[in-house]
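As C-alpha cells, the structure follows; a few thoughts come after it.
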C-alpha cells in the first residue's frame, strides 16, 4: 500500500526496547496534554451544534440535485456529536462524571446510540487493541473461522470487508449495543438505562417525524444524514487499525505497548473533516491514553512523533487507500498478516 508510511516493525521495536511498557511511552508525554479545559470542551459542543443546525437549514432548502452532498456534509457534522460523546465516554470531557454521562447521552441520542454500552465496549477495545482473542473493533476473521461460518455470515463479512465497509458500524451498533443481558452487575443497569433512553426517545420521535414529515421527510432529514455519519464512523475505525503491515496478535504474544503505539494508524483527512470531527483521526495518542481530550491530541502526537516517530504508521485518506484496504485486508493469517478472499480461494 504505497500511501502508507511504513516504519520499522513491532519486532524491531521490541528488539530495541525488550522490556517496553506502556508506562514508558506515557512518561514521555507532557502532563499538559491531560488537562481538561471546559472552555475548549464546550466550544467544540457549540461548533458541532452550530454546524448541525446550519446543515439542517441547508437541507431544508436544498434542491434535489444538491441533496447528496448536503446529506454527506450533515452526516459529517453529526460525527462531531459522536466525538463529543466519545470524550465523555473516556471521562476526558469534564472532571465530573455526571456531566460526562449527561452530555454523552445527549450527544449520542440523534445517532440512536446507547451511551453506556458503547462506553464499556469501546474501553474494552482500548484495553485489548489488536488482540485477536479480545478486540471487538474490526478484528478480522481467520481463514479457519471464515470457512466454518454459515453462508449468511460469510456474505455479510465479505460485504463489510469490501465495498460496503461503510455499513459495518451500523451492524456493530445494532448488534452489540442494545443487549443489556450481555453485561453483568452495575454495567447491566447502566446499559439498560442507555438502551431504554434511546428506545423511548425513538418511540416518541419517529412517529412524530413520520406524521409531520412523511416517509420521504424521515429519509431526507434523518436516515440519509445518519448513514453519512456511519460512513465516517466505519471509515475512521477501519483505517485506525487496518493496514497490511500492522499485525494482530493472540493473547500469548500480545504486547500492550506495541499494540497501542504501532498498532494504530495516523491518517490525515481533508481539513474540514478534521475540524468538524474534532481531530478523531489523530488516533495514536488516544490509544496510548484515553484521558487525553480531543483538543490536546495534536500536541500529544507531536510529542509522540518526537520520541517514538520511527515506530508510527502514517497515511493520508484517499479512495486509493480505501480500495487497497477493502481489496487486500480480508482474512488474517498469523504467518502472512492479511490475505484477500481471492488469495484464500486459491489455497
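Note that Cβ sites are derived from N, Cα and C of the backbone, with glycine treated the same way.
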Of 276-280, 281-285, 286-290, the range Swiss-Prot labels motif 'Histidine box-3': 286-290
Candidate ranges 117-121, 122-126, 127-131, 132-136 [criterion: Swiss-Prot lists as motif 'Histidine box-2']: 122-126
Annotated stretch (transmembrane segment, per Swiss-Prot) among the listed ranges 143-163, 164-184, 248-268: 164-184
Surrounding residues of the motif 'Histidine box-1' (86-90) on its own chain - C-beta under 8 Å, 6+ positions past either end: 41, 99-101, 103-104, 107, 115, 118-119, 122-123, 280, 290-291, 293-294
Residue distribution over DSSP helix, strand and coil in the motif 'Histidine box-2' (122-126): 5 helix, 0 strand, 0 coil
Residue counts (helix, strand, coil, in that order) that DSSP gives for the motif 'Histidine box-1' (86-90): 4 helix, 0 strand, 1 coil
Counts of helix, strand and coil residues, the motif 'Histidine box-3' (286-290), according to DSSP: 3 helix, 0 strand, 2 coil
Segment-level pLDDT (mean, integer) for the motif 'Histidine box-3' (286-290): 94
